[in-house]
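Record features, source Swiss-Prot:
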- 4-287: domain 'Protein kinase' (DOMAIN)
- Leu10, Gly11, Glu12, Gly13, Gln14, Phe15, Ala16, Thr17, Val18, Lys33: ATP binding site (BINDING)
- Asp129: active site, proton acceptor (ACT_SITE)
- Ser156: phosphoserine (MOD_RES)
- Thr162: phosphothreonine (MOD_RES)
- 309-329: region 'Disordered' (REGION)
- Ser313: phosphoserine (MOD_RES)
Amino acid sequence: ANRNEKLDFLGEGQFATVYKARDKNTNQIVAIKKIKLGHRSEAKDGINRTALREIKLLQELSHPNIIGLLDAFGHKSNISLVFDFMETDLEVIIKDNSLVLTPSHIKAYMLMTLQGLEYLHQHWILHRDLKPNNLLLDENGVLKLADFGLAKSFGSPNWAYTHQVVTRWYRAPELLFGARMYGVGVDMWAVGCILAELLLRVPFLPGDSDLDQLTRIFETLGTPTEEQWPDMCSLPDYVTFKSFPGIPLQHIFIAAGDDLLELIQGLFLFNPCTRITASQALRTKYFSNRPGPTPGCQLPRPNCPVEALKEQSNPAMATKRKRAEALEQ
């Protein structure tokens, strides 16, 4: 642990605090995710299960669009994960109104997201918590999927998963209806929400409760029929909704060409069994048509420091940082 010199506080989540540090041996800049102690019931062998899951998964994965786990160390019931340091994330890029996002930029972000996701799904892993601030970008503009705390291997058949995954705005309708068995479709729906957010520069379906989330989905995309989604009525928390016609996608995404609209439509299919997969998405016309994706080194970089942007939109963050720094003294 002493080989790392702390440089900066980067953020705090429900389960962890993240610091920027320098590896004294290699001079490499890294990010250290310090996992908070779980409650007694959670502390398994002294280590929080979420961390164990993340370590096991990440050690097995190697792909340019997936965050690299460099090291893991711990003592007693405390564990730290050492990752590649990433300059920023997609949420920061989307929120920075001084940046222009061109169709080529958006295509590059989608391409890298789907390549990372295809690799995960080919290894029988669902991410289950995709959102813009889990898509990290390094200084070369390479996007990497991160925060595998909720990731789960879906190879075991009939595994009853929990449906309380994925930040609500990115949550697929089957999860909102309480599905305990689900597959790659939950990640693909989240990708659709992220793509929409890249195009609109604001969250696409920002619901403030599960019911409100479903209402927003159906008002925007139309209420699905039994034909469109045969298993819908048998889901544990299914409730009937008013029949909304939905808004045509070309009226929502006015700048999008037909190839892009086709991809969006595939990502937002209600039936998870027919929803487009990552491999299928990568083979769509959208990715073979011009314009091509922007090379990483030419992608926009945030104009003001990441921390300032986040604190601006979330004053509690500044307070948390000051508190964490005080505790570190």
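Cβ coordinates are placed from backbone N, Cα and C, and glycine is handled just like the others.
Counting every protein chain shown, the number of other Cβ atoms lying within 10 Å of the Cβ of Ala16 (ATP binding site) is 21. When each of the recorded positions Glu12, Asp129 is scored by how many other Cβ atoms sit within 10 Å of its Cβ, Glu12 comes out lowest. Long-range Cβ neighbours of Val18 (ATP binding site) (same chain, at least 6 residues apart, Cβ-Cβ under 8 Å): Phe9, Leu10, Gly11, Glu12, Ala31, Ile32, Lys33, Lys34.
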